[in-house]
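J.: Summarising the annotation, TrEMBL assigns domain 'HhH-GPD' to 34-181. Per TrEMBL, [4Fe-4S] cluster binding site is recorded for C183, C190, C193, C199.
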Amino acid sequence: MFADELISCLREMYPGGYSHTCRDPFYMLVSTVLSQRTRDEVTIPATKRLFAVYDTPRKMAEADAEDIQALIRDVGFYRVKARRIVEISRIILQDYGGVVPNSMEELLRLPGVGRKTANCVLGYAYEQDVIAVDTHVHRISNRLGLVKTSGPDETEKELEKVVPKDAWKDVNGLMVLFGQSICRPTSPRCEECRLKAICPRIL
Ligand code: SF4
């Protein structure tokens with residue numbers, strides 16, 4: 001399947017795209033750090049609880065990590081993430097005047113921030129043409145034969161070669177929706193999938 005056909009099909013299936021609670025860069029950064037190895041159903045309410053108390057880099061930087069832990073306790077690795085969020089906020093405050101940086105190079109210097117998190121900030125908050133490869137994007141791209149890769153960073157590079165650039169920033173949201181509803185990690189719902197006629201996984 002050609003990548004542009006896949007994107008068109010997913011846009012038809014999910015015309016509203018992925019709906020984020022908030023696309024503010026700091027909110028997006030913290031929520032994506034919280035989402036690492038944690039399901040959306042847990043991440044979204046935890047982020048809301050956290051921002052109800054600490055809604056700026058300054059407030060978060062001055063917070064006690066233990067108070068943050070109490071607000072995000074159901075998130076995976078919450079103790080580590082609470083410390084990282086305080087540390088990230090201090091760096092943003094001290095080195096960037098309280099504004100989340102908008103380049104991959106600078107974002108990767110923040111503790112706990114890898115390419116996926118950086119690309120979520122760059123794509124969703126700063127609307128740059130990037131492909132954020134999470135577990136859904138990596139799995140679905142390989143199942144459909146768009147790429148043949150062993151890790152997310154390689155998937156990102158390979159997808160950049162086959163997906164039209166003007167669709168890069170839509171890839172994550174569309175594949176997350178598709179991966180949560182149809183092409184699930186285990187027990188994908190192939191019988192009701194619109195792509196089953198062309199999916200190499202079941203041909
Ligand atoms: S046919 Fe199954 S494996 Fe293939 S894209 Fe659809 S849900 Fe995923």
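Placement of Cβ uses the backbone N, Cα and C atoms for every residue, glycine included.
Have a look at these and tell me how they're positioned relative to everything else.
T.: Note on C190 ([4Fe-4S] cluster binding site): other Cβ atoms within 10 Å of its Cβ, all shown chains, come to 14.
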J.: When you average the Cβ positions of C183, C190, C193, C199 for the [4Fe-4S] cluster site, which other residues in that chain have a Cβ within 8 Å of that mean position?
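T.: Here the non-site neighbours turn out to be R143, I182, P188, R189, L195, K196, R201, I202.
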J.: Taking the Cβ of C199 ([4Fe-4S] cluster binding site) as the centre, how many other Cβ atoms fall within a 10 Å radius?
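T.: 18, counting other Cβ atoms within 10 Å of C199 ([4Fe-4S] cluster binding site).
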J.: In the structure shown, with every protein chain counted, which of the binding-site residues C183, C193 has the densest set of Cβ atoms within 10 angstroms of its Cβ?
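T.: Selected residue: C183.
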